Amino acid sequence: MEPMKIELVKPSELPEAAKRLSAEGTHPLTAMFGRDERRDENVKGLSIYCVFENTGTHEMEALKAVFKEGVPYRFPTLTYVLPAAAWYEREIQDMFGIVPEGHPDPRPLVLHESFPEGFHPLLKDVAKNTEARGERRYDIHVAHGEGLFEVPVGPIHAGIIEPGHFRFSQAGEAMLQLDAKLFYTHRGLEKIMEGKTPFEALPIVERICGACSIANTWSFCQAVEQIAKTKIPRRAEIIRTLLSELERVTNHVGDLGNIPGGVGFNPAISLGGRTKEMLMRLQEAVAGNRFLRGIIVPGGVSMDITPELRAKIREVLAAAKKNIEDLSEMFADQSNFRNRVRTTGIVRKSTAADLAMVGVGARASGFLHDSRRDFSYGVYPELPFEPALEKDGDVAARIKIRIKEFHVSLRMIEKLLTLLDEEQEMTLSVELPSVKGEGFGISESARGSNFHYVALDGEGRIDRIFVRSASYANWPALPIAVQGDIIPDFPLINKSFELCYACIDR
Amino acid sequence: MLKMFERLFSDKIATEPVTFTGSERYRGRIEGKCPAEALSDCAKACPVQAFQAKGDGEYTIDYRRCIFCGRCVEAAMKTAAEEAGLHHSSEDVMPVLMENARQITSEIIKEKLGRSLHVRHLDAGSCNACDFEMGAMSNPVYDLHRFGVHFDASPRHADLLMVTGVVTRNLEEALRKSYEAMPEPKLVLACGACAAGGNTYGESYAVVGAADKVVPVDLYVPGCPPRPSAMIAALLAAADMLSERL
């Protein structure tokens with residue numbers, strides 16, 4: 001993967017430059033984040049990065065605007081040009097105090113009511129463990145009108161799920177508007193990792209999110225290896241690719257068993273649940289941890305996938321395949337299930353493009369975005385890759401995408417196991433030199449592209465890390481998808497996206 | 001419809017007895033001798049300060065904090081090579097009861113069947129791994145319902161609050177209020193290294209710490225995340241603790 005191309009612009013020029021680099025919205029905004037470089041002699045200021053994915057050259061192109069000391073920390077908002085920028089700008093405002101002027105929704109995003117105004121934790125002069133208490137406002141958006149009413153839900157939900165607050169504005173049963181207050185599980189992980197070496201930060205990266213442990217770790221290691229200009233052994237590349245596909249299979253199976261939970265379709269929940277358990281046990285057999293923690297390390301992998309394990313993978317996946325075929329038939333067989341999932345929770349292609357959606361969410365809406373195709377990493381170029389694409393954008397389409405991708409992943413794993421059988425070189429990892437620099441990593445998690453930006457200082461310690469998971473890109477689509485549907489369909493629609501909170505909250 | 005019944009009847013019973021042994025590579029309880037010269041390296045390698053070297057050449061592990069990452073074992077290997085007997089066994093670490101500070105054993109668990117317990121889950125800032133494993137307890141393989149344990153939608157109906165994740169500033173109030181909303185007698189279970197030990201990520205402006213910094217905790221379940229079987233062991237022990245309080 002080529003390093004990111006960075007173009008310096010003035011803060012006031014950001015909207016124009018962003019419009020140009022996004023090529024009228026055809027090159028999606030991958031990420032936008034701030035960085036405090038006031039202590040760096042060459043920069044001496046706060047900076048903002050806007051990263052775009054050039055879909056023509058398959059490279060990352062970034063704009064960088066620097067706010068020198070004394071210059072007001074303000075820039076004209078990009079949200080009107082690029083709706084996908086809305087959340088990133090709110091986050092930059094919270095974390096660095098840089099104000100996106102004219103932002104349509106300038107509320108806080110990450111720091112809730114218990115934090116004081118003017119507290120910006122990612123500034124370097126704020127200590128990691130600062131205990132800042134105060135009372136800031138966080139207004140929830142509600143629709144007003146005759147006969148309209150509100151339904152508040154969360155942050156503690158009825159089921160075993162992650163925390164978020166939803167405020168539904170209802171016109172009878174129909175959801176007119178949904179405002180989601182998220183970032184409840186914000187742990188300040190990016191700040192915590194500053195000052196640590198990549199090796200020290202690794203256990204934290206693995207624990208950003210349980211479900212996307214491999215995706216996060218792989219993106220992170222790619223970034224670190226890009227900075228070190230080091231190529232990892234081929235065997236490690238094959239194993240990483242295999243782990244990534246295994247994680248996708250497990251997540252897709254988990255989701256396929258969870259979605260029927262949104263309509264109380266118990267036989268399907270059971271079959272999905274027991275199939276996922278087979279896969280979780282397989283993951284434990286491979287990595288010693290049911291969430292595949294502890295196997296990817298900077299420079300390669302820490303454990304081999306032995307011939308015995310390869311045989312086990314083949315055996316378990318064959319059984320899982322049979323179960324998912326039966327599950328698909330159960331879905332197709334049940335007319336009442338089909339009725340619930342069709343035309344429910346629609347995201348249109350134009351919405352997907354405007355919000356720069358990724359992964360399953362994007363592909364179910366006819367918007368083809370898949371990092372395994374768009375970037376050459378791991379051994380993906382050698383694998384039989386067939387992107388799954390649906391056009392309806394509803395719950396049914398998101399189910400179909402997962403079923404298709406489950407089978408594609410199985411074929412990929414088959415090929416990967418053969419590659420491992422044939423690979424003679426046994427080296428699993430290489431030592432990384434400690435170098436100053438910045439780099440990025442990208443991998444396709446089960447939910448979509450997962451982007452990490454890492455900057456290391458002169459001692460090889462993390463100066464800045466920014467993590468943009470797939471869920472971050474797709475969350476803003478959920479409130480749009482639910483509009484007009486009835487509130488009992490919300491759990492179903494929500495499960496069909498299956499977005500992680502831990503990943504976005506960090 | 002027929003297809004579905006065909007599948008349902010062709011399946012054998014999936015539910016299994018609860019076991020506390022993992023696969024060969026599973027990083028469970030830390031065992032074995034650690035050469036004295038490696039002790040300080042092991043302690044230094046531990047990212048969560050769970051590994052403590054004692055003066056007499058022995059070591060202790062605070063399993064409430066341990067994230068089972070294997071770094072102490074790696075460090076021992078590096079310093080002492082073949083001399084190092086330190087290793088992860090494939091056995092789960094059993095939950096810790098606060099009342100008498102003992103570790104429960106699988107034998108005790110087997111005697112505890114036949115109680116009932118209502119549980120409210122609270123994600124206080126978890127990475128969702130513990131939450132997924134809690135969900136897995138309801139799958140046909142673990143079938144938690146067979147032990148009379150149920151998940152409730154509201155803390156007002158619950159006997160036990162099962163906390164996952166390190167308590168974040170944004171969820172501190174939700175945790176406190178949920179606890180206050182529960183009827184007496186009530187129990188709190190801190191599930192996993194974050195809720196139990198609070199040191200998984202270290203200190204931050206956004207983190208309060210372990211669950212017991214905010215509410216009184218009765219049981220701790222080690223693991224990152226604990227496997228569903230260890231969670232079941234803790235819930236059954238809790239059912240017994242509850243009947244003692246009633």
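Heads up, the Cβ atoms here are built off N, Cα and C, so glycines get one too.
According to TrEMBL, the feature Mg(2+) binding site maps to A:GLU190, A:VAL467. Taken from TrEMBL, the feature Ni(2+) binding site covers A:CYS209, A:CYS212, A:CYS500. Taken from TrEMBL, the feature Fe cation binding site covers A:CYS212, A:CYS503. Residues annotated as domain 'NADH:ubiquinone oxidoreductase 30kDa subunit' in TrEMBL: A:9-127. Annotated domain 'NADH-quinone oxidoreductase subunit D' per TrEMBL: A:271-425, A:435-506, in sequence order.
Location within the structure of each feature annotated in TrEMBL.
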{"residue": "A:GLU190", "record": "Mg(2+) binding site", "DSSP (3 states)": "helix"}
{"residue": "A:CYS209", "record": "Ni(2+) binding site", "DSSP (3 states)": "coil"}
{"residue": "A:VAL467", "record": "Mg(2+) binding site", "DSSP (3 states)": "strand"}
{"residue": "A:CYS500", "record": "Ni(2+) binding site", "DSSP (3 states)": "coil"}
## Note on the structure
Near chain B at Cβ under 8 Å, of the listed binding-site residues A:GLU190, A:CYS209, A:CYS212, A:VAL467, A:CYS500, we get A:CYS209, A:CYS500
#### Entry: Using Cα positions only, nearest of the binding-site residues to A:CYS209 (Ni(2+) binding site) (A:GLU190, A:VAL467, A:CYS503)
A:CYS503
### Query
Per DSSP, what is the residue count of the domain 'NADH:ubiquinone oxidoreductase 30kDa subunit' (A:9-127) in each of helix, strand and coil?
25 helix, 36 strand, 58 coil
### From binding-site residues A:CYS212, A:CYS500, A:CYS503, the one whose Cα lies nearest A:VAL467 (Mg(2+) binding site)
A:CYS503
### For A:GLU190 (Mg(2+) binding site), the one of A:CYS212, A:CYS500, A:CYS503 that lies nearest, given that the binding-site residues are compared by Cα
A:CYS503
### Summary
In all the protein chains shown, the tally of other Cβ atoms within 10 Å of the Cβ of A:CYS503 (Fe cation binding site) is 28
### Message
Taking the Cβ of each of the binding-site residues and counting other Cβ atoms inside 10 Å, which one has the highest number: A:CYS209, A:CYS500?
### Response
A:CYS209
### Query
Where's the emptiest Cβ shell within 10 Å among the binding-site residues A:CYS212, A:VAL467?
A:VAL467
### Message
Using a 10 Å radius around its CB, how many other CB atoms surround A:GLU190 (Mg(2+) binding site)?
### Response
22
## Note on the structure
Expressed in Å to no decimal places, the gap between the Cα atoms of A:CYS503 (Fe cation binding site) and A:CYS212 (Ni(2+) binding site) is 8
